[in-house]
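Trainee: Relevant sequence annotations retrieved from Swiss-Prot are reproduced here:
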type	residues	note
BINDING	Cys4, Cys7, Cys30, Cys34	Zn(2+) binding site
ZN_FING	4-34	zinc finger
Amino acid sequence: MRTCSFCNKEIEEGTGKMYVKKDGSIYFFCSSKCEKNMIKLGRVPRKVKWVKE
């Protein structure tokens, strides 16, 4: 199982989204909420209250 790159939630097989940047770094997201917060809004996970530690 993969974990979300933003909230560290486990992602089940066949769900979620993989985002690959031009530099080759790979991010896995469990929801569009996590994807938008990290990619579009540029938020840091440790500063967001709803993210698991």
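Along the chain as shown, residues are numbered 1 onward.
From the backbone N, Cα and C atoms, a Cβ is placed for every residue, glycine too.
Remember, predicted model here, so these are calculated numbers, not experimental data.
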Trainee: With a radius of 8 angstroms around the mean position of the C-beta atoms of Cys4, Cys7, Cys30, Cys34, what other residues of the same chain does the Zn(2+) site pick up?
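Mentor: Leaving out the recorded residues gives Thr3, Ser5, Phe6, Asn8, Lys9, Ile11, Gly16, Phe28, Phe29, Ser31, Lys33.
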Trainee: By Cβ distance under 8 Å, which residues at least 6 away from the ends of the zinc finger (4-34) in the same chain are close to it?
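Mentor: Sequence-remote neighbours of the zinc finger (4-34) are 45, 50-53.
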Trainee: Highest Cβ count within 10 Å among the binding-site residues Cys30, Cys34: which residue is it?
Mentor: Cys34
Trainee: Would you please pick out, from the binding-site residues Cys4, Cys7, the one with the fewest other Cβ atoms within 10 Å of its Cβ?
Mentor: Cys7
Trainee: What counts of helix, strand and coil residues does DSSP assign across the zinc finger (4-34)?
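Mentor: Result for the zinc finger (4-34), in helix, strand, coil order: 3 helix, 10 strand, 18 coil.
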